[in-house]
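S.K.: Take a look at the following structure, please.
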């Protein structure tokens, strides 16, 4: 299973005293536990990944760790923790110019802010995420499958944004966002 391979990867990395590989293994174990829904264990491994990334000053790995910790804390309904981790990941993604990570983190941050009741900031983050996904999809020379995965995330951002706008009482704006999302989908078919 994936867990066994990642645990073996970690064991080898520890035996060879290779911190880069240790960090990768901890991160992969965290992602695997996250995908299995074992969020508490995922947090433990992602915290180890973050610790090693911080020791090595690996900003890209820190970005990934913060993002993973944010998603996992959101799943655990620890929204204030999720927001904190996602904001830190967003800061690094922007600093590194990692636009795709930035878009994904903004999407997750928007969802966590929404869940914690901060609707205005959730609206802002979801708008920015949707715009970034669109820009990335149209600028990049990516495979069709990959473009579809970004499109799915963009659609999810638009849908969450619509719900936030309705909750805020901005019904006309929510309709405009819904129409924008449908127009983008139709344009992609052409």
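Every residue gets a Cβ built from N, Cα and C, even glycine.
Pulled the feature table from TrEMBL, pasting it below:
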REPEAT    63-96  repeat 'TPR'
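Help me picture where these features are in the structure shown.
M.R.: Within the chain, the repeat 'TPR' (63-96) has long-range Cβ neighbours (under 8 A, six or more residues past its boundaries) at 27, 30-31, 34, 37, 39-40, 42-43, 46-47, 49-50, 53, 102, 104-106, 108-109, 111-113, 115-116, 118.
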S.K.: Tell me, roughly as an integer, the mean pLDDT over the repeat 'TPR' (63-96).
M.R.: 98
S.K.: Looking only at the repeat 'TPR' (63-96), what are its DSSP counts of helix, strand and coil residues?
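M.R.: Residue counts for the repeat 'TPR' (63-96) by secondary structure: 31 helix, 0 strand, 3 coil.
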